[in-house]
Amino acid sequence: MARMFYDADANLENLKGKTIAVMGFGSQGHAQAQNLKESGLNVIVGLRKPFDEASEKEWNAVIAAGITPMSVAEAAEAADVIQILLPDEVQARVYNAEIKPYLKAGNALGFSHGFNIHFGQIVPPAFVDVFMVAPKSPGHLVRRMYVKGAGVPGLVAVQQDYSGKAKDLALAYACGIGCTRAGVIETSFQEETETDLFGEQCVLCGGVTELVKAGFETLVEAGYQPEIAYFECMHELKLIVDLMYEGGMSYMRYSISDTAEWGDYTKGPEIIGEEARYAMYEALQDIQDGSFAKGWLLENMVGRPRFNALKRQNREHLIEEVGAELRGMMPWLKETK
């Protein structure tokens with residue numbers, strides 16, 4: 001069974017007196033930095049110096065949160081603990097140019113995703129600790145739950161333990177952002193990276209979007225109205241996922257009709273059959289042997305031509321046009337944003 005840690009297992013004193021630099025102020029960065037500050041820790045934020053309206057707005061948002069913004073290099077030089085929350089595809093470049101030159105013996109490097117460490121894009125020196133604290137929710141929820149006095153579950157891992165206290169630091173960090181209120185599971189950089197990518201590709205993002213599109217297209221091509229197809233294959237998905245999120249698959253099945261449950265048992269395995277499972281296995285192999293990471297890094301090196309083409313192609317799909325029209329009839333959706 002997985003090993004779990006809670007508030008009682010963590011000691012914030014392990015971070016007291018240290019300067020924590022959070023690199024980035026995006027989804028996770030803004031949440032983690034503010035939570036750490038409100039936990040009584042000394043936090044700074046590393047960003048690009050303002051050069052346009054967007055970067056100036058981000059810089060000012062850090063100031064408005066009562067935190068000192070600095071350039072990434074300045075923050076790295078001032079910090080004892082450096083939490084890198086930049087996009088995967090830019091982390092290595094920024095690390096090599098603006099963080100690595102300022103590392104000192106006994107510093108700690110933190111991450112919330114293991115991509116760059118696991119795939120060798122960032123190779124830390126032997127004289128630093130390397131740990132991961134990965135909240136299992138978007139940043140806005142990390143922040144919202146902390147403010148409510150609660151927290152979101154997370155993962156914790158140690159890749160390199162120079163000081164002999166890397167795990168204590170990781171647990172203190174998890175406590176500082178509120179994750180140990182809910183509980184954190186011990187893992188490894190390899191396990192977190194490979195399972196996270198697999199979940200995104202085969203289920204949460206790639207799997208779900210292709211399943212929804214395939215269902216929508218099947219109904220439309222069979223002569224049904226696109227609006228009806230949208231409701232059946234896209235809109236109602238949230239209702240089912242919310243039930244599973246709340247109480248698992250059994251609770252979802254308890255909550256639906258017997259007709260729907262029978263169709264679930266008998267037709268689901270036909271749709272997600274051996275061919276789909278084999279494709280999942282192949283996707284996992286591509287992740288494990290580094291093929292996916294290599295392809296994604298190369299795509300970024302050449303300016304993302306395929307990524308941008310696929311993004312444009314999917315934005316122009318009929319389901320997006322129909323969905324935008326139907327969501328315009330649902331004013332309550334705007335109230336939840």
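Positions of Cβ are set from backbone N, Cα and C atoms, glycine also.
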According to Swiss-Prot, which candidate in G120, G139, G149 joins F25, G26, S27, Q28, R48, D88, E89, V90, Q91 at the NADP(+) site: G139
For the domain 'KARI C-terminal knotted' (188-333), residues assigned helix / strand / coil by DSSP: 124 helix, 0 strand, 22 coil
For H113 (active site), the number of other Cβ atoms found within 10 Å of its own Cβ: 21
Fewest other Cβ within 10 angstroms of its own Cβ, chosen from the binding-site residues S27, Q91: S27
DSSP three-state assignment (helix, strand or coil) for H113 (active site): coil
Neighbour-count leader, CB within 10 A, binding-site residues: D196, E232: D196
Candidate with the highest Cβ count within 10 Å, taken from the binding-site residues E89, E200, E236: E89
E232 (Mg(2+) 2 binding site) and H113 (active site), Cα-Cα, nearest whole angstrom: 35
